[in-house]
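Inspection log for the structure reproduced underneath, given as structure tokens.
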Amino acid sequence: MSDVEENNFEGRESRSQSKSPTGTPARVKSESRSGSRSPSRVSKHSESHSRSRSKSRSRSRRHSHRRYTRSRSHSHSHRRRSRSRSYTPEYRRRRSRSHSPMSNRRRHTGSRANPDPNTCLGVFGLSLYTTERDLREVFSRYGPLSGVNVVYDQRTGRSRGFAFVYFERIDDSKEAMERANGMELDGRRIRVDYSITKRAHTPTPGIYMGRPTHSGGGGGGGGGGGGGGGGRRRDSYYDRGYDRGYDRYEDYDYRYRRRSPSPYYSRYRSRSRSRSYSPRRY
């Protein structure tokens, strides 16, 4: 019986030994499986984290680039605006300067109240019958004269009611202005002052140069002369001299507006007429 027990015991040990090597690899396999799974998960997580970081960085770079470009464009536009504003005063000055004779006449209005002393005196408010000889007799009492010039109308040949007296010395012109200002000459009270222009305005003829719109005095022959179409006679300096030029300018402006309307107005008028006379459709 002892031999049989020993054999049985040896068989059990051999079975247990044969089972144990087969069991251990299963554990090793499970360990290897768990180990292989966990690094793959870690690598995937790290990759996704790195991707999200790279995306966030690229987005932040894009946003920063956009902000930079916006701020840069805004600064450039602000610079352009500031440059354009800096040129506006010079542009306004250029536009304000006009080369018309009316603007040149208006430039003297600021210093007309207090002109600078000079050798040229302007005599205003003269009668139509006062000549250069009469003025020379009056003003030669105060000192030697270099010239006397009565301003006549180029077309009619009549006096325009003012003249220029030229002295050789300023002291004589001062004395003449103080004493002759307000005196009566040929029934008219004259005004004497320092002249600003020192000569007559040649562009202003003194009468209306356009076509006569109403009947008036008949025109002269080849010598030129005659009335200008029912105009008013005024002898004072401001009426016959400077203001007559303004009246002529206003008449010309009115005549131009009356004969040649603006193209926008003509278009609007033609459209309104075509619409008003168009037949209605029922």
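For all residues, glycine too, the Cβ spot is worked out from N, Cα and C.
The compositional bias 'Basic residues' feature in Swiss-Prot is assigned to 51-84, 92-110, 268-282. The feature compositional bias 'Gly residues' is assigned by Swiss-Prot to 215-230. What Swiss-Prot lists as SUMO2 cross-link is K198. The domain 'RRM' annotation in Swiss-Prot covers 119-197. According to Swiss-Prot, the feature N-acetylserine maps to S2, an assignment based on a large-scale study or a structure entry. Residues or ranges marked as phosphothreonine in Swiss-Prot: T24, T88, T202, T204. According to Swiss-Prot, the feature omega-N-methylarginine maps to R232, an assignment based on similarity to another entry. Marked as region 'Linker' by Swiss-Prot: 198-225.
Residue counts for the domain 'RRM' (119-197) under DSSP, helix first, then strand, then coil, are 19 helix, 30 strand, 30 coil. Averaged across the region 'Linker' (198-225), pLDDT for the predicted model comes to 51.
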